[in-house]
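Taken straight from TrEMBL:
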- 9-333: domain 'Acyltransferase 3' (DOMAIN)
- 37-57: transmembrane segment (TRANSMEM)
- 78-98: transmembrane segment (TRANSMEM)
- 132-152: transmembrane segment (TRANSMEM)
- 164-182: transmembrane segment (TRANSMEM)
- 202-218: transmembrane segment (TRANSMEM)
- 225-242: transmembrane segment (TRANSMEM)
- 254-273: transmembrane segment (TRANSMEM)
- 285-303: transmembrane segment (TRANSMEM)
- 315-336: transmembrane segment (TRANSMEM)
- 354-392: region 'Disordered' (REGION)
- 361-373: compositional bias 'Low complexity' (COMPBIAS)
- 383-392: compositional bias 'Polar residues' (COMPBIAS)
Amino acid sequence: MTTKKFTIPSLDGLRALSILLVFVGHADRLPQPVVPGVGVTIFFFLSGYLITTLLRLEFDKTGRVSLRDFYLRRVLKILPPMYVVIILGAIVTAVGLVPSSLSPGGIAATALHFANYWMIFVDEGIPKSMRVMWSLAVEEHFYLVFPLLYIGLRRRAFSARTQAAILAAICIMVLIWRIYLWTVQGVDFTHIYYATDTRVDSILWGCILAIIANPYLDRAWGPDWFWKLIAAPFGLIAVYVGTRGYNIAPTIGYTMQALGLVLVFTAVIRFPSFGPFRVLNWRPVVWLGVVSYSFYLVHRYFILWTDENLDVNKWIAAAIAFVMATAAAWLLHRWVERPAAKLRSRLRHVGERTEDERIETSPSTISSSTVETIEPDLLGNEDPQSPSPSRQ
């Protein structure tokens, strides 16, 4: 039976943009056009938006959400490539190809999705090449709780506005908590940057967009020219300003970035064929978005290896690392992600195929955003950079 293919324009392009920002941020010798952590904020927001869109579609269609299928999809999507990279990373570190600290506790924390808190309270023991996995921990914590919260909101028949208001209230509480930790408790920037309890609002703002003003599902509001010429540029400015200033970034900065992304996402999803937005839907850009999870998992190895072993110009070193990471990402995607996707399809309930499930069983394509081939999340920059006064 032929199934309808579910696509959201521009999302793969946004994934590609995010991973490029992360890569440049980790290539320490390159100029940094923006604070590297912007890439992870984009991915957190995208994750919340897409996961909530899929949950919303499933509940609207069936009147329920299958938690079994949801968690099964997440486990088989995230864990196989992650554990392959953890094993290879431990071996590479142990034999000295990429020198770094390594301990059983650090590896266990990474594998069990507590890398972010291990890096806050212990720090040592997770190899540099694996430290990017702190953001996977944030995502996994979100996955464990949010579906239960969303189902509860829908079963109580709360309106979309009420659902969004409840999530916005949680975001405001997280903002207040960040401000308290930074200004009263005096925690350092790495704590704010890594902790789930200080970063989850970046995901929840994406959830709010998916519920209350989803540019893919809901009726458009406002003239086209407003979104193209005013909202999108203003959103980009908000994202940029949210990274500036010693006291802005770790307090209201993430909120400013997320609110800016509300405008940007709405514009690029509604108008994928408009001028500069078309870049997000070019085939090479979309392809990079498709393999971006695997790219994220491996790219830090190659940056560290080229820095350690090649005495070449910084641009050449970055180019070599990028090519090697892209090739490795393609192999990981082909030989680990795709077989895991086939296993997911075999384990599903027969006759309970939601839009999300149909996506994940369709062949990988290089058209507008495909939700099957890559999760919207799991990217992050493991080296938070607190803006210094000189950068204000």
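For all residues, glycine too, the Cβ spot is worked out from N, Cα and C.
Remember, TrEMBL labels are computer predictions, not curated facts.
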| request: Look at every Cβ pair spanning the transmembrane segment (254-273) and the transmembrane segment (164-182), keep those 6 or more apart in sequence, and say whether at least 3 of them are under 8 Å. | output: yes
| request: Please average pLDDT over the domain 'Acyltransferase 3' (9-333) for the predicted structure. | output: 95
| Region pair the transmembrane segment (202-218) / the transmembrane segment (37-57), three or more CB pairs under 8 Å | yes
| note | The answer for the transmembrane segment (78-98), taking Cβ pairs under 8 Å and residues 6+ beyond its ends, is 107, 110-111, 127-130, 133, 136, 139-140, 293-294, 297-298, 301, 304-305, 308, 332-333, 336-337, 339-340, 375, 378
| query | Same-chain Cβ contacts of the transmembrane segment (132-152) under 8 Å, 6 or more residues past its ends? | reply | 22, 26, 40, 43-44, 47-48, 51-52, 55, 59, 64-65, 67, 70-71, 74, 78, 82, 86, 110, 113-117, 119, 126, 163, 194, 196, 199-200, 203, 207, 296-297, 300, 377-382
